[in-house]
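For reference, TrEMBL has these:
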- Asp230: active site, 4-aspartylphosphate intermediate (ACT_SITE)
- Asp230, Lys231, Thr232, Glu315, Phe356, Lys379, Arg412, Thr492, Gly493, Asp494, Arg582, Lys588, Asn611, Asp612: ATP binding site (BINDING)
- Asp230, Thr232, Asp608, Asp612: Mg(2+) binding site (BINDING)
- 929-962: region 'Disordered' (REGION)
- 119-141: transmembrane segment (TRANSMEM)
- 161-187: transmembrane segment (TRANSMEM)
- 670-689: transmembrane segment (TRANSMEM)
- 701-722: transmembrane segment (TRANSMEM)
- 743-764: transmembrane segment (TRANSMEM)
- 784-804: transmembrane segment (TRANSMEM)
- 816-836: transmembrane segment (TRANSMEM)
- 856-876: transmembrane segment (TRANSMEM)
Amino acid sequence: MAYVETANLDGETNLKIRQALPQTAALLEAKDLNRWTATIECEPPNRHLYEFNGNLREQEKAPVALGPDQIFLRGAKLRNTHWAYGAVIYTGHESKFMKNSSPAPLKRSTVDKATNWQILWLFLLLIVLCLISAIASEVWNGRHLPRDWYLGLDELSANNFGYNLLTFIILYNNLIPISLLVTIEVVRFIQAGFISMDLDMYFEETDTPAVARTSNLNEELGQVKYILSDKTGTLTKNVMDFKSCSVAGEVYPLETLELMKVSRLLETRKLKQGNHEHILFMEHFMVLLSSCHTVIPERDATTGNIVYHAASPDERALVRGAAELGYVFTQRTPTTMTVDALGQEQVFEVLHVLEFTSQRKRMSLILRNAEGKIMLYSKGADTVIYERLAPNQQFKSVTLNHLEMFATQGLRTLCCAVAEIDPVFYESWKETYHKASIALHDRENKLDEASNLIERNLTLLGATAIEDKLQDQVPETISALQSADIAVWILTGDKQETAINIGYACKLLTPQMVLIIVNEPSLDTTREMILRHISEFGDALRKLNDCGLIIDGTSLKYALSSDMRRDFLDLCISCRAVICCRVTPMQKAEVVELLTQSTGSVTLAIGDGANDVAMIQKAHVGVGISGQEGMQAVCASDYAIAQFKFLRKLLFVHGSWCYHRMCKLILYSFYKNICLYIIELWYAIWSAWSGQTLFERWCIGLYNVIFTVLPPLALGLFDRICSAETMLKYPGLYKMSQDSETFNVKTFWFWVINSILHSILLFWLPASAMSHDVAWGNGRDGGYLMLGNMVYTYVVVTVCLKAGLEMNCWTVFSHLAIWGSISCWFLFFLFYSALWPVIPVAPDMAQMASITFSSPVFWFGLFLFPFIALLGDLLYKVIHTTLFKSLAEDIRESEIKEDDPGKVLLKATKQRWWHSLLCCGGGSTVHPELPRGSETNNTPHLAPAESAPNRNALSHSHHAPNYGTLHALSRQRHPGDFDDESTPLIGGFRVTQMHVISMPPHQQFLLTETARLLKNVKNVFRRTTPGDLEVELSHGYAFSQEEHGAVSQSEVIRAYDTSIPKPGAHGLPPVLPRF
């Protein structure tokens, strides 16, 4: 027997049992293996982690079946075991671990892809302009060649269409902004540095900062629509704690004061004082916690402390909790268990172990105590325990209320009960159970029936509450993400029950949410289930509904088949929350790939283990958490953070800022390039399509390198729509970047047309001013270069001031970029025109600065022409921000005025809410702007139980017949609302919808067993009644043992003897364990 940890495969850190075949148990040394001959037959290599079929054939012996419990997968770790012998089956890329791996893809952001298309459009525009210019040149030459003989056009050997076309391609080639790519990479690199240096995303406990491992996806963080997250180590800390318990109707939180209270009660038991009945309940409860389990104790040789090894982290938490309360489980032998009860050693004889299975939902242990009494201790889900209680239980209703309280806190609950067994009945039952255990047909059902015979007339002891510790602020983060219209899916290798409990704990699932559970064993039943749920949604399909979808790995395998992928995706995106359980790493990647390719939305995958690598690589953005499962996910990710809560700032602040900054940078770069270089087209009209350049060649080359390089950097690095505090406080602002409002085809052509209009004004106005030779009083004009330098100066001033108009946040860097760029041009102009003849460079620019600056027309145009060019932009901005103010502009204005932005958001929320309410007639519409919990219901009608017997969820739909709908006005305020105490909500009231169910008895919904167990919290609008157990006992339970393995739980208990040293220790030969 051996323990293995599969955290690198499925993310689970709890140990799993692997057992060698009995036929190989005698092979204890290498010499035995050398003499042993056998053949292993196995299935072809595949990627299914939880499936394996094979046979072991020894010579002249019957074949023996091999299954998953004999397989040690690559990526797993051997734990609590010194050595193991084995034969290698799959190697290299044929191993299941490698089959679940995928090559690292080359990721490009959505903005990058859009920019490439825009550059392609500009290239086509360049070709069109070149063709028009070449044709116009041919036409002009054809008209003027016969009559204007003095031009010598017939003597030009290169005067042909092809030569002219090439000339204009060279002349206009700068329309393609090559410098844009360099600017983008520089800005992205610095933005990545901002992310890595953010102290708010630094985790002090592990000294781990956030790391941007790539820079080309910064803006993609601002467009995320779906987040697909691992559970273990990503949402949780991989730590489970015994948080609280209810014993004999009294709650005992696990705190210092209450611990002292429990200890005093138990000490009173020893002194035979006090309330003996209550103390007896307490003692039985503690014995149950310390004995009814499969935990293996091991005493550390160096420290002397007891270390508990368990296949279930929940059981380990309960045993540790019992130890903290004074009942320490110290030793296990094949027939006995030893517990140190408040310093007194108690030895129990183990008679029978009634194992936990998903059908039984409970585990029972039959012990004989020191007094010779036969006791049955049982723990399990509240539904199955309550059904087996004896009548007239004293604490039944109180414990039920406590279970409800624990469940609403997101804790994993178990009911505990005890019964004293009559020895005569036990001997009779033992024979029945033995016959069931050796049955060849239907053994499992017969064992279950035999167990039911003795698991009855139980006495309720109480309940336990276990906390699977979430990371800090996980519920708040998920709530904020959902408020930003981001759907959160959980893809985990954990069991269904565990994943759903975590879903409730992190507030991904809510008590009012309808659960759709797909847990089918075959392709046909899975297809039938998915299609039925799709039909039930009706018009609400592919719209966000207040539903949660839970699907297991087997059903997911069928759902991802080619003929069901689309239907499965439609069902998923119709639900607010999706949880996929028991999934393999490749299934995680397939879900991400399906969502990415079919919806076109930006996806983000986040995980912390090697089993999350494929998912991280398939998503648009991969985020790795540097947790306790190694660095595989971090090494494969695009961004690395230490805690899930940091995702909030990574998206809402850095993502949104980077997106808006990058969009403005790209659009502005297109603008400034077109604004200057399209002027060559206007000058070609002026110069008879001769191909003459208006600007000096070094001025053309340095335009993007020096004179206009700083404004796009300032836009890309320091501009912001709102402050970080506002972005974090109001997640609805994230939708501005998520919806691509500032970067689309319409916006691109708007900037292109705007730049063309500016170029027209900036060329033709100076050209008109210089057309009558009025540059100086003496009538001189200064030549074409003077006109070119005048136009160039006006363009530099205009594009720099245009950057200032587009900036939302002025900083010292903004001023340096704008005024510094203009100053650089003037200084360069003075320096460059003074080089000749001292340095033989640019003779045609000699003294051009003094010539230009001496002209009154130049200075008149310097103040007038840029103002005329930008006047339209200024008027548009004034009118737009006054009459058609966007939400971002309104928020920014409130920040400048130092007002509360919440009032602005509240006003926008009211308008949108009332508009949707009036348009829909009070129907089903989800408002992502509203705080969590204040949206209107959009739940589809789900068929009643009698028409859908396999229905696994309870519907609260207002579309069902005989449902009364009450639209109530309430003054209740909710956490996170966009208001303050001085601002009333819609006339002082908050509009909510409450759905009051009124159905005849034959239409009552009947919860199936699965729904009863998995629905963690009952409907908050109903009162608890002890008689309505079928509906009210809807709490989760904290079991996650491995079942149906090669080693049963009974064999685990019987196999270990912790009273003897472990094999291989203290000089003993390594005899056990065998693998």
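Yeah, the Cβs are placed from backbone N, Cα and C, and that goes for glycine too.
This view paints the features noted in TrEMBL onto the structure.
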residue	record	CB count, 10 Å
Asp230	active site, 4-aspartylphosphate intermediate	31
Thr232	ATP binding site	30
Phe356	ATP binding site	24
Arg412	ATP binding site	28
Gly493	ATP binding site	28
Arg582	ATP binding site	21
Asp608	Mg(2+) binding site	33
Asn611	ATP binding site	32
Asp612	Mg(2+) binding site	35
Spatial neighbour of Asp612 (Mg(2+) binding site) that is closest, considering only the recorded positions Asp230, Phe356, Arg412, Gly493, Arg582 and their CA atoms: Asp230
Range from 119-141, 670-689, 743-764, 856-876 with the greatest count of C-beta pairs under 8 A to the transmembrane segment (784-804): 856-876
Stretch of maximal Cβ-Cβ contact with the transmembrane segment (743-764) [cut-off: under 8 Å; candidates 161-187, 701-722, 816-836, 856-876]: 856-876
Long-range neighbours of the transmembrane segment (701-722), counting only residues six or more past its ends (CB under 8 A): 177-179, 183-184, 186-187, 190-191, 656-657, 660-662, 664-665, 668-669, 672-673, 676, 733, 736, 796, 799-800, 803, 806-809, 811, 813-814, 816-818, 820-821, 824-825, 828, 888, 891-892, 895, 901
Residues of the parent chain within Cβ reach of the transmembrane segment (119-141), under 8 Å, 6 or more residues beyond its termini: 153, 159, 161, 164-165, 167-169, 171-173, 175-177, 670, 674, 681, 684-685, 688-691, 748
Spatial separation of Asp230 (active site, 4-aspartylphosphate intermediate) from Asp608 (Mg(2+) binding site) - C-alpha basis, Å: 8
Pairwise Cα distance maximum in Å, ATP-binding residues per record: Asp230, Lys231, Thr232, Glu315, Phe356, Lys379, Arg412, Thr492, Gly493, Asp494, Arg582, Lys588, Asn611, Asp612: 34
Asn611 (ATP binding site) to Asp230 (active site, 4-aspartylphosphate intermediate) - Cα separation in whole Å: 9
Other parts of the chain folded back onto the transmembrane segment (856-876), taken as Cβ under 8 Å at six or more residues beyond its ends: 754, 757-758, 761-762, 765-766, 769-770, 774-775, 790, 793-794, 797-798, 801-802, 805
Positions whose Cβ lies under 8 angstroms from the transmembrane segment (670-689), at least six residues beyond its ends: 118, 122, 129, 133, 136-137, 140, 144, 164, 168, 171-172, 174-177, 179-180, 703-704, 708, 711-712, 748, 751-752, 754-756, 758-760, 762-764, 767, 784, 791-792, 795, 798-799, 802
Phe356 (ATP binding site) and Asp230 (active site, 4-aspartylphosphate intermediate), distance between Cα atoms, whole Å: 26
